[in-house]
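> Sharing a structure, written as structure tokens. Questions coming.
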């Protein structure tokens, strides 16, 4: 018994002594090699969400904080933190933030199961892989492949592929970092502001006949919406309707008139 | 005899027991910080310092404290404490004097603590029963061997960014191919395989 105790005491003493010696050495070294950092940088790092996702365009949260203080990077540069974080950073460095509107990724395709398949794809479940085979198995070359490349790109699991084989955005989880938008090989996802109510859910520039053959909800470029809009906010160019969000008042006339139900209001 | 033995230990650490390409220790920094020569050289400098110092300090610790008190079983934990402290020291110095290098090394600098090559050098010293001079020589030469390979790898990778390779191989896979060829060269030249 006493042997065990002496062993324990000895071991504790050796490790403790070692730890103490090392600790003292490190304290002295840290005093000697102290780096003068701007205290503002540390404060901003505290405020930032710390996801280190790189969506701000810098190496990480710490790098962003340093750039804000030293190089005047935009204080609302953090898309994850959004307006609240920008306001706090503004409080630290003494800048006012204009309230920006929240924007979320928006799916510009309503194809999914409404779109005809040209062949049966068997292989790796990834949009980019599907696109390698003659631009995918869909009859439409502009639409969503529905294989979830964006879902896997999202670090916050805000996206999911629904029953209709289309991605859906969960706004509660979304931080508007834009990684899904960057990952989409067909540019289906775009940022849309909350106030922008009316959207064309199609990206096809094919002629009307070709669209009708492949997809039941695609834009055929018939210009009925263009004629029906009282604000002249819609323009059809190259067989695809586009909405000028500045002019649109979300009256819903075009949504009613569209024969293909391509335009939707939310 | 003694000088001859020291020289052969030195060459051992440099080539024959090369830590990266023959013993496969410390590979994460080998792949992680060899994108450009500058950060590879900085990392190598830090590793050389930590390896040499760790060999020295842990030899003294082992022979004059652990062995007399019959506490040899504490070797791993006390070596790790020593290495961690040395890495902290290096981090302070690099951060103070070369902030650009500190940023480019990023997470790999604190990771020297868990760099198996450093602990490997210390443990190999202990297992081989080297005396003080031999330990220091082996630790230093192991670090220098690490440096040689890091610089070769970084040089090749810097130039190979201009080579036209299929996009599927570009980046890390390419680095692994380079590592494979370097390793084959090392094994063939410095460590003849007994058949």
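Every residue gets a Cβ built from N, Cα and C, even glycine.
TrEMBL labels come from automatic prediction, so no person has curated them.
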> If TrEMBL gives A:53, A:56, A:61 as binding [4Fe-4S] cluster 1, which of A:78, A:109 does it give for that site as well?
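Given A:53, A:56, A:61 bind [4Fe-4S] cluster 1 in TrEMBL, the matching entry from A:78, A:109 is A:78.
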> Please identify the range among A:6-29, A:126-149 that TrEMBL labels transmembrane segment.
A:6-29
> Mind checking which residues of the chain, 6+ beyond the ends of the region 'Hydrophobic' (A:1-30), have their Cβ under 8 Å from one of its Cβ atoms?
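Residues packing against the region 'Hydrophobic' (A:1-30) from afar: none.
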> Using C-alpha atoms only, work out the spacing between residue A:61 ([4Fe-4S] cluster 1 binding site) and residue A:177 ([4Fe-4S] cluster 3 binding site) and round it to an integer in Å.
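A Cα-Cα distance of 13 Å.
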> Can you check which residues sit near residue A:154 ([4Fe-4S] cluster 3 binding site), meaning Cβ under 8 Å from its Cβ, same chain, 6 or more apart in sequence, and list them in order?
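Looking at Cβ-Cβ distances below 8 Å from residue A:154 ([4Fe-4S] cluster 3 binding site), excluding near sequence neighbours, one finds A:179, A:180.
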> Consider the binding-site residues A:174, A:177, A:184 and say which one has the Cα lying nearest the Cα of residue A:78 ([4Fe-4S] cluster 1 binding site).
A:177
> Across the domain '4Fe-4S ferredoxin-type' (A:208-238), what does the pLDDT come to on average, as a whole number?
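Summing pLDDT over the domain '4Fe-4S ferredoxin-type' (A:208-238) and dividing by its length gives 87.
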> Ranked by the number of other Cβ atoms within 10 Å of their own Cβ, which of the binding-site residues A:53, A:150, A:177 ranks first?
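Going through A:53, A:150, A:177 one by one, the largest Cβ count within 10 Å is at A:150.
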> Helix, strand or coil by DSSP: which one applies to residue A:56 ([4Fe-4S] cluster 1 binding site)?
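DSSP call for residue A:56 ([4Fe-4S] cluster 1 binding site): coil, neither helix nor strand.
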> What Cα-Cα separation, expressed in whole Å, is found between residue A:177 ([4Fe-4S] cluster 3 binding site) and residue A:56 ([4Fe-4S] cluster 1 binding site)?
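If we compare the Cα positions of residue A:177 ([4Fe-4S] cluster 3 binding site) and residue A:56 ([4Fe-4S] cluster 1 binding site), the gap is 8 Å.
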